[in-house]
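If you look up TrEMBL, you'll see 446-460 marked as compositional bias 'Acidic residues'. Annotated compositional bias 'Basic and acidic residues' per TrEMBL: 461-472, in sequence order. What TrEMBL lists as domain 'PH' is 8-117. The domain 'EF-hand' annotation in TrEMBL covers 138-165. Annotated domain 'PI-PLC Y-box' per TrEMBL: 495-538, in sequence order. Taken from TrEMBL, the feature region 'Disordered' applies to 431-472.
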């Protein structure tokens with residue numbers, strides 16, 4: 001890829017602005033390193049400047065334009081075509097960037113996409129071939145005084161760069177064991193030995209020794225025995241195939257022998273994974289009624305941290321959907337200017353607009369999976385803002401939103417995930433049809449009430465046992481939980497109309513539910529209630 005125009009621009013580096021607040025962001029030089037897998041830029045720790053880096057392998061995706069909460073909030077001063085967002089794997093925050101020009105931004109977006117694809121397609125041996133170049137680049141950056149030696153402080157800096165969170169005591173023990181010269185510096189072979197020890201897996205070495213015997217080399221027969229002990233129906237031919245695929249030493253490979261490194265390569269590859277690789281794709285029958293499946297669901301989806309004072313973010317919905325989640329929760333409350341908001345009511349969590357959440361769901365609902373997404377609405381809004389919620393969902397989701405039962409569908413059965421591909425379903429309260437109230441509005445029992453009452457009871461028990469301080473401001477705020485906004489126990493016809501297959505109702509009890517099955521109705525249980533039902537009528 002070094003001849004590629006996008007990669008060449010990244011290797012030369014570009015001045016990019018890191019956007020994370022309304023304060024004027026400072027330009028920093030971002031540059032791709034020679035290893036083709038590491039991006040370096042100048043960062044700050046307090047007042048001190050330091051060189052920071054991240055691996056392309058840790059990037060989950062690249063978004064063009066104002067496609068993140070951060071850029072929508074703070075990026076208005078920068079043209080959309082100059083902006084892009086790096087989304088990282090795990091819990092690391094997004095990196096929102098603005099280039100000087102559209103061309104620069106395009107080079108980085110296209111270049112990163114190519115590198116990510118290339119790295120993803122690499123086999124384990126190819127990744128291992130890349131390792132010396134990568135580690136060499138890291139060592140050069142960690143060597144602050146450029147003396148080609150590493151103090152323990154520089155070694156700790158190196159560990160941070162490669163995302164190894166190691167206990168200082170253990171790290172220093174390894175450092176001392178490798179410091180043959182005793183001068184508190186590692187160089188040459190000492191450094192090589194330190195890096196090699198970082199990669200050690202003692203439990204795999206012990207396993208290898210158990211099967212290979214004194215010569216520390218696995219024959220094809222010994223590997224076959226190992227595979228059979230793991231419950232695999234392995235033949236000698238299959239064992240030889242594993243050796244030819246994963247053994248790194250050419251001479252050993254030619255003699256159908258496996259060394260420790262090859263054994264580790266195999267066990268740490270997809271083929272050595274405990275997960276059946278066929279199960280990484282949909283392998284089940286997806287034509288059964290919706291209620292025949294466990295549904296990957298998220299509670300308080302909007303929160304990025306704790307439930308009391310954490311940050312609410314549309315990015316939390318993006319991450320949940322990209323992780324394969326098919327049911328997300330929206331706690332909807334009255335907002336200012338007639339706009340409903342989403343947050344954890346009566347707590348110190350921050351608030352986000354309902355409209356922004358629906359836009360994020362529209363953009364990411366079906367990127368990871370084609371199967372239906374359920375929006376579980378916990379509604380605390382009055383009639384006017386409920387109608388606004390319905391308008392936003394219709395306008396933003398368009399044809400994705402299911403507003404009518406599927407044509408030709410038996411009303412006694414729920415449709416299947418296969419039939420509902422690409423559809424968004426709303427879970428909420430449904431008015432009886434036709435409703436008889438003169439103003440087109442009726443009060444319905446709250447299906448969450450029973451659950452909330454039980455949860456409150458459990459919370460009180462926990463509070464007593466942990467002797468929490470009753471008069472703290474936070475406890476007083478929590479004490480108000482469950483109070484609804486004006487008219488929130490009523491349902492607006494507009495909102496009722498978008499509830500089709502997931503009608504929230506109070507649980508009528510098992511005998512009644514079994515005698516009068518209504519597949520479109522669903523109930524929520526507290527864990528205590530669920531355990532009680534299992535015990536009484538499992």
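One is the number of the first residue shown, and numbering goes on along the chain from there.
Cβ coordinates are placed from backbone N, Cα and C, and glycine is handled just like the others.
Sorting the domain 'PH' (8-117) by DSSP state (H, G, I as helix; E, B as strand; all else coil) yields 33 helix, 44 strand, 33 coil.
Residue counts for the domain 'PI-PLC Y-box' (495-538) by DSSP state, with H, G and I taken as helix and E and B as strand, are 20 helix, 5 strand, 19 coil.
Away from its own ends, the domain 'EF-hand' (138-165) comes close to residues 38, 40, 51, 53, 55, 58, 171-172, 175, 184-187, 191, 194, 198 of its chain (Cβ-Cβ under 8 Å, at least six residues beyond either end).
Note on the domain 'PH' (8-117): mean pLDDT across this stretch is 88.
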